[in-house]
Amino acid sequence: MSNETNANSTDSRQGVTNIGSVPAYLVLADGRTFKGFGFGAIGTTLGEAVFTTAMTGYQETMTDPSYHRQIVVATAPQIGNTGWNEEDNESHDGSIWVAGLVIRDLAVRVSNWRATTTLQEEMAKQGVVGIGGIDTRALVRHIRNEGAVPAGIFSGADAERPIEELVEIVKSQPSMVGANLAVEVSVDKPYVIEAEGEARHTVVAYDLGIKQNTPRRFAARGVRTVIVPAETPFEEIKQYNPSGVFISNGPGDPAAADIMVNIVREVLAADIPFFGICFGNQILGRAFGMETYKLKFGHRGINVPVKNHITGKIDITAQNHGFALKGEAGQEFETDFGTAVVTHTCLNDGVVEGVALKSGRAYSVQYHPEAAAGPNDASPLFDQFVALMDEDSENQKEEA
């Protein structure tokens with residue numbers, strides 16, 4: 001169906017538009033515009049335009065809280081083929097966190113036995129604005145060359161306003177630089193994911209935008225996980241007598257997360273085993289005294305090669321980050337907690353992908369070993385954390 005038609009029609013399902021019937025524009029802050037058709041919710045959404053190279057896993061991507069305030073461009077040519085199910089949500093309550101979705105082609109037929117609804121229906125239900133019919137190859141090249149850029153999707157009546165006016169609306173949105181967004185996606189109160197079988201350890205996990213596959217990974221290893229809100233004071237988590245502390249992935253600028261940095265410094269000073277993922281890697285790095293910076297267009301995909309400079313091993317990883325730590329492969333430096341080292345870097349561009357204390361008491365990676373979606377190459381990082389807690393437990397028994 002042509003996306004040039006002006007008719008705004010809906011089918012028998014409330015709020016679901018017929019593909020191509022609603023005009024829409026993707027507008028970038030630099031003045032570049034793309035005409036397409038609206039789907040999902042109809043209206044306006046603003047966010048930073050970023051792209052993901054993942055060919056699968058759009059549901060996991062869209063429900064990942066790390067994508068808060070970002071309009072995600074899918075490089076896969078067709079999205080929606082597997083519909084939407086109740087099992088693959090990565091947010092705690094099934095919420096979609098992307099600000100908007102940009103695609104080339106919207107699948108009209110769902111082909112997955114687990115699907116309970118379509119992508120378009122779920123987006124309409126949750127009020128998420130999408131635009132299709134876009135030359136995503138040209139758009140991704142533009143973002144790659146010019147960098148992630150503020151953007152807006154305008155569909156329906158909103159798309160009829162003058163382009164100059166839409167550009168000004170896009171320009172007026174707040175920057176990702178300096179944005180402390182983890183508190184906006186975190187839970188309000190603690191909750192527990194029990195271990196499968198007898199619990200060997202209890203881990204306190206700070207929810208800065210945690211994906212649900214993380215506590216699942218812990219549970220499968222006999223670890224009880226207490227998920228606490230971002231910025232929960234260190235003194236409060238002592239009540240759980242944690243064997244280890246975990247900091248999750250999350251959105252925003254790590255340079256604005258001073259409270260979390262100070263909490264991690266308290267954890268390190270108490271010599272409690274520490275593991276961090278993604279945003280947690282940046283927080284640990286800052287606790288070590290490292291600086292962060294914003295990447296030009298970030299790393300987002302499920303096929304990113306990372307080298308472990310301690311073992312020499314290369315993993316294919318899932319990634320989603322727009323900020324990174326400043327450092328070099330194998331770099332060693334002194335911290336208030338002992339000697340630290342840059343353990344991992346990305347083979348594509350040399351970006352820091354992991355740091356650790358040489359003592360082994362604290363470590364983190366920039367990528368997502370929990371996957372969802374993505375490869376499982378890095379899942380042994382969870383085993384490493386459990387082994388560290390096992391060692392502590394054995395030492396405590398010997399001392400007793």
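Including glycine, each Cβ sits where the backbone N, Cα and C put it.
Record check: Swiss-Prot places GLY250, GLY252, PHE279, GLN282, ASN320, GLY322, PHE323 at the L-glutamine site, and the matching candidate among SER21, SER66 is SER66. Neighbour density around each Cβ, counted as other Cβ atoms within 10 Å, peaks among the binding-site residues GLY252, GLY322 at GLY252. Distance between Cα atoms for GLY322 (L-glutamine binding site) and HIS368 (active site): 14 Å, as a whole number.
The maximum pairwise C-alpha distance among SER66, GLY250, GLY252, PHE279, GLN282, ASN320, GLY322, PHE323, the residues recorded as binding L-glutamine, is 14 Å. Across the structure, ASN320 (L-glutamine binding site) and HIS368 (active site) place their CA atoms 8 angstrom apart.
For the pair GLY250 (L-glutamine binding site) and HIS368 (active site), the C-alpha distance works out to 11 angstrom. Around the Cβ of GLN282 (L-glutamine binding site), a 10 Å sphere holds 30 further Cβ atoms from the protein chains shown.
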